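Below is one structure, written out as structure tokens; the observations come after it.
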Amino acid sequence: MRLTDLEIAACLEEGSIVIDPRPDAEAISGVSVDVKLGNQFRVFQDHTAPYIDLSGPSSEVQEALDRVMSDKIVIPEGEAFFLHPGELALAVTHESLTLPADIVGWLDGRSSLARLGLMVHVTAHRIDPGWQGKIVLEFFNSGKLPLALKPMMTIGALNFERLSSPVARPYNKRKSAKYRDQQEAVASRISQDK
């Protein structure tokens, strides 16, 4: 069952869900908690590779990703990151999230931003039980105009579901957890798939 605003507030108070910095009461509404945009981004650089062979050897996949992904881009306070039509960028939430083994989280984009063509997460919106770290956002501008994204703007909302029992292998305990404790806009680690 999805947690209500009262249940979310209680989980934050007791520490079973940790959001740091802790959101104001106004950020919790209905069944969600608003999250803000952090100041770190990554983009695909200009490149000459015609494609990335995701089924190729791990080392070749990683080399290709290293060639096309930018270094971390940090946007100073008060300035904006411009996402142009047809572009994909990675960003990160301002907040860090910690979930227990019996709660799964979901990230939803804002309807007001979607109506401008902004996808906040391309596909990955589930946050596994046991997650710890910031949430990487996969932005895509499907609109017709560039969008100015400023750190600390409300970018999405988290909602939570309590599971019938704790999971046997929470994310932060899995050896295969590629994004454990992420604190910045981490590029794809698909080359680490087994």
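Placed from the backbone N, Cα and C atoms, the Cβ positions cover glycine too.
Database features (Swiss-Prot):
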BINDING   R110, S111, S112, L113, A114, R115, D128, V136, L137, E138, Y171, K178, Q182  dCTP binding site
ACT_SITE  E138  active site, proton donor/acceptor
REGION    172-194  region 'Disordered'
Rounded Cα separation (Å) that holds between S112 (dCTP binding site) and E138 (active site, proton donor/acceptor): 17
Which listed residue (A114, L137) has most other Cβ within 10 Å, given these are binding-site residues: L137
Cα-to-Cα gap, R110 (dCTP binding site) vs the residue listed as 'active site, proton donor/acceptor', nearest whole Å: 14
Rounded to the nearest Å - Cα separation of D128 (dCTP binding site) and E138 (active site, proton donor/acceptor): 17
Between A114 (dCTP binding site) and the residue listed as 'active site, proton donor/acceptor': CA-CA distance (Å): 13
